[in-house]
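This report refers to the structure that appears directly beneath it.
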Amino acid sequence: MRLGAGFRKPVPTLLLEHRSRKSGKNFVAPLLYITDRNNVIVVASALGQAENPQWYRNLPPNPDTHIQIGSDRRPVRAVVASSDERARLWPRPVDAYADFDSCQSWTERGIPVIILRPR
């Protein structure tokens, strides 16, 4: 499979700032996103690997962070979607990037959906 082959249309990307839960160092992860009302939604797919990505594991101890979309830097609070929220939201990123469904089929873990709420 060719990565990126699942794009059905141009997909917006953002930069997510996250602080290491171990070292305290700051990092930036480029991620695909969709919007849901005033919220920004990202998916911790890690391309279907067995473990969640580092950026995702860094968010629970440090949920207040920033994202950058274009030149717009925004403060957000990262919240993992509940099972009901995930069920409602999951089809939307899959519609934007079909490979998310493939990634889910490659792993036994439920791929988390993260809601980035303005703060």
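Glycine too: its Cβ is placed from the backbone N, Cα and C atoms.
Features as listed in Swiss-Prot:
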- 21-23, 27-32, 43-46, 54-58: coenzyme F420-(gamma-Glu)n binding site (BINDING)
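For Pro30 (coenzyme F420-(gamma-Glu)n binding site), the number of other Cβ atoms no farther than 10 Å from its own Cβ, over all displayed protein chains, is 10.
Under DSSP, Arg21 (coenzyme F420-(gamma-Glu)n binding site) is assigned to coil, being neither helix nor strand in the three-state scheme. Sequence-distant neighbours of Phe27 (coenzyme F420-(gamma-Glu)n binding site): residues of the same chain at least 6 apart with a C-beta under 8 Å from its C-beta are Glu17, His18, Arg19, Ser20, Gln54, Trp55, Asn58. According to DSSP, Val43 (coenzyme F420-(gamma-Glu)n binding site) is assigned to a strand segment.
Look at Tyr56 (coenzyme F420-(gamma-Glu)n binding site): DSSP puts it in a helix.
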